[in-house]
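Feature annotations, courtesy of TrEMBL:
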- S139: active site, phosphoserine intermediate (ACT_SITE)
- D95, D361, H365, D402, H403, H481: Zn(2+) binding site (BINDING)
- D95, H202, S204, E356: Mg(2+) binding site (BINDING)
- 1-25: signal peptide (SIGNAL)
Amino acid sequence: MWSCRGSKTAVGIAALLIFIPYSGALPKCDRNDEDCRDRLMHPETPEPRETIKPVLEGEESNEYWINIGKDFIAKKLATPFNEKKAKNVIMFLGDGMGLTTVAAARNLLGGEEKQLSFNDFPYTGLSKTYSVDKIVSDSACTATAYLCGVKAQEGTIGLNGDVEYGSCEKGKDRNTWVYSIGKWAQDAGKSTGVVTTTRITHASPSGVYAHIAHRDWENDEEITEACGSDSGLEDIAYQLINGEVGSKLDFVMGGGKKHFIDSQLYENGKRGDGLDLIQQFKDQEGSRNLYVETRDELMSANLANYDRVFGLYQDDHMLYHLETNESTNQPTLEEMTRKAIEFLSRNDEGYFIFIEGGRIDLAHHQNYARMALDETVEFSKAIAAAKEMTNEEDTLIVVTADHSHAFSYNGYPYRHSDIFGTAPANGNDGKPSMSVSYASGPSYERFFNVEKAEREDPTSFITGDRYDRFPAAWPLEDETHGGEDVGVYASGPWAHLFTGVYEQNTIPHLMGYASCLGSGLQMCNQKK
């Protein structure tokens, strides 16, 4: 077991961590020497040059940790079950935000002991994310689960498990369609909205309003290529503007403008049917619809003058937060969240809104660990804003992820060390190893010399740039999702129901119970 031997004078000193990485490989053990192997499982890695960590005041004492335990128990005892009806439901989805991502992102707040906003929610559970056909799922079938309450096959949205990925015929059979809690809320007279940092037609947000057998059918040309020009299928963008649920959404924001306009009408347009769906939204008869494309337009608009709001800020996904500056004129997820709640709160019947931090996932797919964790912090800011703007007496907030990623955080790094830095000890090849890495992804060839059959020094490539790719163990164009359970964090009416380990499709049924929505069990119908 390795030890922390900081002096008492170092306690409370928030000095920069400076240490010399162990220059050689750890010694090898004989196959049958279990004592040796056990020591290497928990090695005595070299100490930092000056101080092990900028330890917090009192951490060296028993009382510090005992008091943390006491305070937590007292907080739990002082939190009675809220069994009131949830007037409003806000669902936050951190796409690809597995438990490792959550833990690693806390370091960006100043230390591993810090809390993301939703870590302070009183009730936490775990959801099982597998789909009908896959152990490790994607964002389409998981959206069907956590929004519609039914598990489905990979790549399908708003359809039951009988429909295979890309099935043109089965996908248009309405008997296979399943509806989201967004529709349940609309049927109850509530306002509804969708906000994302990805394309608004991407897999996760589409789960609120679309029914389609292939997540990539975001415009009509994609359907024509796959199913022919006379398939009778409606693409995702079309369903958002003209569909049964999409046409009734009150507040919609994200990226993906290219899927809404014909290529002959807009340089970057992808449609081939001659339509400008954005113009259709603007021209809807008898409505006061606002369409915006910049942060300035959003922030300056008097939303009280409009019935519906639609914002598209990029042709494709919205920019990563680390890519933005004043000139990009793109709102943050927090700003969109604040505007959404402000707008939807006008309805006395309440509202349901789905808000996605979607670029956590996309960054992980490219081994952009720095981007992924920053997007997680931005996601946390949006949740904090929602908590601030609402009353937990009548507003249920649920935060979860659709799936995890093949993302690892290991190597025995020191307290408060740079999460993006090297682990204290080198690998058996004598070269540094990073504290975060991936099981797969496009960075493999950069960090492994195939001709020499050896690792490259990762510090030669990781320089502190936002586009740093972190090491991957095997080559793949895009890093894969992970199959482990993901966290569910809840606050507000009936939040205590979200504890335990349960199937992902249980989530909308729990939200529906708390807010008296849908055809399942409702707190309004239960006898006391």
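Using the three backbone atoms N, Cα and C, a Cβ is placed for every residue, glycine included.
Put simply, S139 is the one of the recorded positions S139, H202, S204, E356 whose Cα lies nearest to the Cα of D402 (Zn(2+) binding site). Here the C-alpha separation of H403 (Zn(2+) binding site) and S139 (active site, phosphoserine intermediate) works out to 7 Å.
Counting every protein chain shown, the Cβ of E356 (Mg(2+) binding site) has 31 other Cβ atoms within 10 Å. It is 17 Å from the Cα atom of H365 (Zn(2+) binding site) to that of E356 (Mg(2+) binding site). Among the recorded positions D95, S139, D361, the ones whose Cα sits within 10 Å of the Cα of S204 (Mg(2+) binding site) are D95, S139, in sequence order. Neighbour density at the Cβ, taken as the number of other Cβ atoms within 10 Å, is lowest among the binding-site residues D95, D402 for D95. Within 8 A of the CB centroid of the Zn(2+) site residues D95, D361, H365, D402, H403, H481, the other residues of that chain are G96, D138, S139, I360, H364, A401, S404, H405.
Here the C-alpha separation of the residue listed as 'active site, phosphoserine intermediate' and D95 (Zn(2+) binding site) works out to 8 Å.
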